[in-house]
């Protein structure tokens with residue numbers, strides 16, 4: 001059983017001690033643990049995790065990203081860290097730190113070849129996620145974003161039930177089938193009593209390169225109906241843009257492109273700060 005007195009998220013997760021079935025790392029002090037979830041693959045969940053982390057770091061917060069998608073990790077490439085390696089001792093793993101000071105942990109950092117598949121059964125995958133919490137030396141962070149895999153299976157349960165999660169950001173796209181699956185993930189969070197803080201709708205529209213007009217290319221249901229039915233606020237709507245898929249090259253963007261990209265995610269960052277109280 002966990003001890004709240006030694007928990008790095010003491011006082012911020014809203015859980016009882018007996019609901020967290022994982023040992024805490026006394027070297028870490030993490031104020032807010034934020035899950036980034038969808039239930040559906042291919043919606044840009046990892047991209048949103050990286051965008052949120054970068055925006056929060058730009059605002060001066062100490063930020064980390066845990067890549068909990070053990071069998072399909074994409075955070076290293078999105079962060080431009082695909083050639084990085086994590087190092088550790090018998091009882092600790094040092095996360096990789098990017099150019100912006102964001103601490104990152106992914107299974108790919110522990111593998112010699114990123115193209116080798118991880119052929120593990122569910123319980124082993126879930127245990128790897130637990131080790132990213134207990135063994136990684138995150139030290140002091142204001143926000144730790146956990147990029148979760150698709151679905152509502154072992155890893156999602158492990159994160160939501162065993163870690164001191166402050167809340168979840170849900171990522172969706174404007175398609176009825178995606179909305180249906182995202183609703184499942186929202187209901188899962190409600191069942192395990194973890195708050196869904198807000199929804200980010202990715203690939204919501206495209207912007208005409210000539211006139212700047214917003215064009216909605218999907219014949220989708222009204223997003224306002226979707227968020228009302230699920231009783232979760234809409235935090236941001238992001239367009240389908242090449243710059244988001246190339247976020248690992250944000251240093252190469254011209255000023256206008258960089259400002260525009262972060263302006264899209266800024267409303268979600270504002271809401272997160274307001275919700276967390278700091």
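Each residue, glycine too, has its Cβ placed from N, Cα and C.
Nobody curates TrEMBL annotations by hand; they come from automatic prediction.
For reference, TrEMBL has these:
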type    : residues                       : note
REGION  : 1-20                           : region 'Disordered'
BINDING : 39, 40, 41, 42, 43, 44, 45, 46 : ATP binding site
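All protein chains considered, the CB of residue 44 (ATP binding site) has 21 other CB atoms within 10 Å. The binding-site residues considered are 40, 45; of these, 40 has the fewest other C-beta atoms within 10 angstroms of its C-beta.
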